[in-house]
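Peer 1: Structure below; questions to follow.
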């Protein structure tokens, strides 16, 4: 398989193709060529990142197909760590192998990390208050970012929704995420969605439901009518369908077939789609067609090794109360990187508990970083670099060391576990129940993106009087900025970096017109 085609063929892929030392150079160059700019241009957070990856790696380069993309999306969302960063890493791992994937990770994450480090150095040297123009600029960035994330959520939902069940799971995932928030809550929601999809696809409840329905019906149903009713329950869109005999001529004679639900184009396409899905679910993917980064035993060994490291870090943290500040910083962020499910939108409130609650960083500095991370490219997990740098400086240590520990601790758990998971995935991805559960997990994960839109909307407006954050809905100006960002991306193809600049400028315009003029 040559590099020039940029097309990943799962039927010919072998791990030995990626460890040939003669090919490491070209593959490293391919990784650099295709990824060098993404760390500078990928604004908008994880929801937008997923769309960028789809456009680039599926539509443009054809490194993976739509099915593999959806599988990777579900895996990266279902397990802890930075969702979009893991997705980017896994795509490059599948296409180019381990060393180029590591290079792609640094190209993806370092620009934003260095930017957040520089921001932390600057914030550590300012006074207790900032000019109001700065607050207006930050609020404009937040408002534009909300519009970008909302658009990405809609576009991802359009891909995740394939039937009425996934439509319902997207809605319920979003609704449940809005109503409650806890560390254990998001993984439980996604697990429940996966179970529901398995129960639905395997039709475990269809028999009991039909039995109950038949009992409450009045009168006696003829055997032929009951058979037709049961068929309608099995065929999507079959409710209320009529049974008719259609005669067809194929040149060899006349044959009859039974048509349920009418022969309109809609019904045929839905039935055909369902048949194809069921046939695909029944097939076990041949081993030669499976994604195989490593053996399942190696993948399991990696996960066990990570769990051992996690236990060691947590035991040291708990049994030795006089640990240095930098070790406590590392252990807190290592714990956060391990238990964060849901990616970037979830990391913000958790880091507040683990950093601000420890009195290592002030609430004001935290919110300033929160506003600016929305306008920075790359992963939101780079926020840990900002917090680590400030924690080290406030404690009398080197800011460089604090930023490095923050970067390492927040990213390492997710990348470590997802690499091991890819080994296990090659062995189980063809199982029918796995495919069904991923369908549900994917739908619920997309629904949770709408939760991120709401959370940021509620704290997006910051100023001197409310540095803890206030709802963007309290001022129509910010509503207009958010709507403009959404409409610009949806209707006119405005890129996220341009939308962020647009929001910042409008924030300054509001300051100039409303604040400076005293209106």
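Glycine residues also receive a Cβ, built from the backbone N, Cα and C atoms like all the rest.
TrEMBL lists 96-121, 133-156, 168-186, 300-320, 332-354, 366-388, 400-428 with the feature transmembrane segment. The annotation region 'Disordered' is assigned in TrEMBL to 231-282. Residues annotated as compositional bias 'Basic and acidic residues' in TrEMBL: 241-258, 273-282.
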Peer 1: Determine whether the transmembrane segment (366-388) and the transmembrane segment (133-156) share at least three Cβ pairs under 8 Å, counting only pairs 6 or more apart in sequence.
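Peer 2: Result for the transmembrane segment (366-388) with the transmembrane segment (133-156) is yes.
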Peer 1: When each of 133-156, 168-186, 300-320, 400-428 is checked against the transmembrane segment (96-121) for Cβ pairs under 8 Å, which one has the most?
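Peer 2: Against the transmembrane segment (96-121), the leading stretch is 400-428.
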Peer 1: Report, as numbers and ranges, which residues of the same chain sit near the transmembrane segment (133-156): CB under 8 Å and 6 or more residues beyond its ends.
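Peer 2: Distal contacts: 43-45, 47-48, 50-51, 368, 371-372, 374-375, 446, 449-450, 452-453, 456-457, 460-464, 472, 478-479, 481-490, 496, 499-500, 502-508, 510-511, 515.
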